[in-house]
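Annotation source Swiss-Prot lists ATP binding site at T29, L30, G31, P32, D86, G87, T88, T89, T90, G413, D479, A480, V481, D495, citing sequence analysis. The feature compositional bias 'Gly residues' is assigned by Swiss-Prot to 535-545. Annotation source Swiss-Prot lists region 'Disordered' at 526-545.
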Amino acid sequence: MVKTILYKDTARWTLEKGFDALTEAVAVTLGPKGRNIVLEKKFGAPQIVNDGVTIAKEIELEDPAENTGISLLRQAASKTNDVAGDGTTTAIVLAHAMLKEGLRNVTAGADPLTVKRGIDKATEFVIEKIQEHARPIKDSRDIEQVATISAGNDPEVGRIVAEAMERVGKEGVISLEEGRSTTTELEVTEGMRFDRGYVSPYFVTDPERMEAVLEEPHILITDRKITMVQDLVPILEQIARTGKPLLIIADDIEKEALATLVVNHLRGVLRVAAVKAPGFGAQRKAVLEDIAALTGGQVISEDTGLKLENVRLEMLGKARRAIVTKDDTTIVAEGNEEAVKARIEQIRRQIQEVESSYDKEKLQQRLAKLAGGVAVIKVGAATETELKDRKLRLEDAINATKAAVEEGIVPGGGTTIAHIAPQLEEWAKSQMKDEELTGTMIVARALYAPLRRIADNAGANGAVIVERVRELPFDEGYDAVANKFVNMFEAGIVDPAKVTRSALQNAASIGGMVLTTEGVVVEKPDKQAKAPAGVGPGPGEGFDY
């Protein structure tokens with residue numbers, strides 16, 4: 001493939017064009033009065049979204065060099081989403097502001113590496129200040145506020161997420177399901193999540209979210225290594241006749257057996273997902289017994305003399321739903337309350353009997369997983385388009401509340417970093433000089449960008465709002481809904497410190513990397529012969545089969 005090489009300023013300006021295109025599309029969604037974006041889908045109805053990372057994933061330009069800029073900025077959003085689960089739009093707005101300011105200086109002759117060093121030092125300073133000002137989560141009211149703000153100022157979402165967290169605990173599992181009515185409901189059921197993901201990505205059923213979702217699956221639980229596919233054939237044939245999917249939890253699955261399962265899954269013969277058993281040694285056996293109690297199945301173990309080839313359908317566990325990602329597996333079960341209660345009592349007795357603090361801790365972890373259950377939020381909406389948007393908002397809200405529990409909360413609406421900016425300027429002028437000072441000031445000026453954008457989206461003058469906020473005490477800021485200045489904690493406008501920190505870290509990382517870029521190598525697009533004017537697709541043409 002023929003390549004195009006761009007150098008120095010041309011390379012940086014081309015990347016910036018991609019940055020501009022993506023930022024303009026994503027930044028309009030920022031804040032409580034942010035607008036929506038409509039995404040055209042090749043198959044199915046268009047999707048209306050308000051979620052930064054979802055929009056970023058969909059944008060692709062014709063120019064491959066500009067597209068490279070989009071991919072780089074998308075990384076800042078994706079990384080923020082992976083770490084904190086929210087704050088993707090803020091990360092994009094910050095990275096764009098740093099890049100615009102930085103490119104101006106580099107073009108004027110500043111040394112990119114020294115400027116980047118200044119950006120890195122400034123980022124460390126701001127992160128320290130964010131952690132200093134973070135307040136721990138006190139009660140469910142704090143959780144409700146965080147969830148409401150994260151869901152785009154939707155109080156109903158805030159209430160449901162806070163109730164879910166109250167019922168399953170701060171470490172509990174909250175799962176989303178598509179409901180069958182127009183109202184969003186909360187249900188707490190038996191269930192468990194463990195930290196083992198699918199052994200092959202070919203088991204994925206939802207490629208957009210990279211999840212394997214199995215509805216009403218049978219569950220094969222074994223502490224044995226599956227080496228020969230012949231061992232599985234009898235039970236696979238029985239399951240195929242039921243038409244239900246299968247989740248395999250095993251010690252390990254050898255290549256030959258795994259390949260057969262993948263091929264059957266891809267051909268649609270049998271929907272299946274396989275994960276490795278959680279825990280180690282004796283601990284693993286106990287966790288498998290917990291899963292068996294939860295799902296009403298048996299552990300197929302050598303200790304009990306059971307062999308895989310002799311397994312019958314009634315020995316398998318059952319669940320309402322199983323969701324498997326690359327990192328963990330969530331089982332939503334129901335109808336085995338008595339067995340689960342008996343198992344919980346057994347673990348409680350063991351906790352009282354053991355003396356080792358390590359064993360006690362592991363037993364308590366198992367108890368929490370079994371007793372906590374799973375909060376299932378059934379998302380309701382009038383149309384499928386609204387349902388998808390609501391699901392994304394709920395997902396953001398759940399992630400934001402978990403981030404808030406971890407690192408605390410800070411004043412929201414871009415206020416925290418806007419208040420830290422003058423402190424950064426003061427510190428930089430006393431500690432930095434020359435081009436390092438330039439790098440630090442780039443970050444200081446970029447810190448106002450999210451607040452400015454929130455105000456602009458609310459129909460106010462962003463520059464005026466920024467100047468007013470600079471004069472206010474740290475806890476006070478701009479309420480875009482009411483268009484007035486308030487105490488952010490009292491008004492319930494709060495952000496998780498982890499989200500703000502991650503957005504800044506990833507924005508600075510991408511911004512700094514682009515500033516130090518001296519060349520871009522991209523594939524030259526093929527200039528394909530265009531059809532003569534007026535010639536449209538004939539019968540059977542122009543469709544993807």
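Cβ from N, Cα, C; glycine included.
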Per DSSP (helix/strand/coil reduction), D479 (ATP binding site) sits in strand
Near the Cβ of T90 (ATP binding site), how many other Cβ atoms are there if near means within 10 Å? 30
In the three-state scheme derived from DSSP, which category covers T90 (ATP binding site)? helix
Entry from the binding-site residues list T29, T88 having the most other CB atoms no farther than 10 A: T88
Other CB atoms within 10 A, centred on D479 (ATP binding site): 20
Taking 10 A as the limit, how many CB atoms besides its own sit near the CB of D86 (ATP binding site)? 34
Those residues of the chain, 6+ apart, with a Cβ under 8 Å from that of V481 (ATP binding site): P32, K33, N153, A458
Can you check which residues sit near G31 (ATP binding site), meaning Cβ under 8 Å from its Cβ, same chain, 6 or more apart in sequence, and list them in order? G413, R453, I454, A455, N457, A458, A480
